[in-house]
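Structure record follows, encoded as structure tokens.
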């Protein structure tokens, strides 16, 4: 009788297992079910979002938002500065207004094309999936990636066309090579297999193309050569343009790191990168102060510090993305005051 009960107990244990084992098995099963459920839920939400957005074309307001018109001061200011600097080299009656208009068209359409190209490339890479800034066309699913890429190429083509006309007017055929490099830099900032913006070189590209080249190029098409004032203030303009990018990179630092985008903000210690922003934004005013010795009215440009100093303070202390959005507005204002202000002083 005892042997029979013992056998039954062993069979029961063999069938049911130890209580701890049963508990662990139950937990693993529940965990697996929860994980599967979460994955299915996430997949369902993503599929629903994509399906819903594909049922309609992106609205005009969304396309205008994708152009990021608030960044245009960064392309307008260097053209104004370079055109004004050209006035130091020519007589008042030798102005070429249409060349200035074409130079502005090159810069603005290139800027918009770059904005759409970044929208497309970051979106298809998944970099914008957890974006904390304004939503993008591709990343949010508001527009199909192919459509965004086509719009980017259209604006690149418009920039190339304006540049071609400008080349015909000046007869400087080497400008076509510079334009081609600028277009390539705009696309490969975040496009291609090895986008240089993903490897800490974005600031360098912005400094060169939206600072020195945009300013010096605008001077050249007016006067046929470039003066010292254009080169040095173009460098200052490039630093201000870098600051706009740096504010973006500070805001997106965590999401960029998670997406594998190794911007300079990700590669450098955050306090050091923020101090670098402050230095980059203040150096242009040092340049302006030195030039004021020769051109006294440039002192008025120093009023731009009223926007620059608050931007620096916010960058050094900011804890949220919303604060850095204000920094972008202030940096754009600094660009306008600096570029247009210096351009007017030089022209007069």
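Each Cβ is built from the backbone N, Cα and C atoms, and glycine gets one as well.
Note that the structure is predicted; figures quoted are calculated from it, not measured.
Annotated features in TrEMBL:
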| type | residues | note |
| --- | --- | --- |
| COMPBIAS | 1-13 | compositional bias 'Basic residues' |
| COMPBIAS | 20-45 | compositional bias 'Low complexity' |
| COMPBIAS | 46-55 | compositional bias 'Basic residues' |
| REGION | 1-55 | region 'Disordered' |
| TRANSMEM | 69-90 | transmembrane segment |
| TRANSMEM | 96-117 | transmembrane segment |
| TRANSMEM | 148-166 | transmembrane segment |
| TRANSMEM | 172-189 | transmembrane segment |
| TRANSMEM | 196-218 | transmembrane segment |
| TRANSMEM | 230-250 | transmembrane segment |
| TRANSMEM | 271-292 | transmembrane segment |
| TRANSMEM | 298-317 | transmembrane segment |
| TRANSMEM | 324-347 | transmembrane segment |
Whether the transmembrane segment (196-218) meets the transmembrane segment (324-347): three or more C-beta pairs under 8 angstroms | no
Most CB pairs under 8 Å with the transmembrane segment (230-250): which of 96-117, 148-166, 298-317?
-> 298-317
With the transmembrane segment (96-117) as the reference, which stretch in 69-90, 148-166, 271-292, 324-347 has the largest tally of C-beta pairs below 8 Å?
-> 148-166
Given the cut-off of 8 Å on Cβ pairs that are 6 or more apart in sequence, determine whether the transmembrane segment (271-292) and the transmembrane segment (298-317) share at least 3 such pairs.
-> yes
Under 8 Å, at least three CB pairs between the transmembrane segment (148-166) and the transmembrane segment (69-90) (pairs 6 or more apart)?
-> no
For the transmembrane segment (324-347), what are the same-chain contacts with Cβ under 8 Å, counting residues 6+ beyond its ends?
-> 70-71, 73-74, 76-85, 87-88, 133, 229, 233, 236-237, 240-241, 243-244, 247-248, 250-251, 281, 284-285, 288, 291, 295, 297-298, 300-301, 303-304, 307-308, 310-311, 314-315, 318
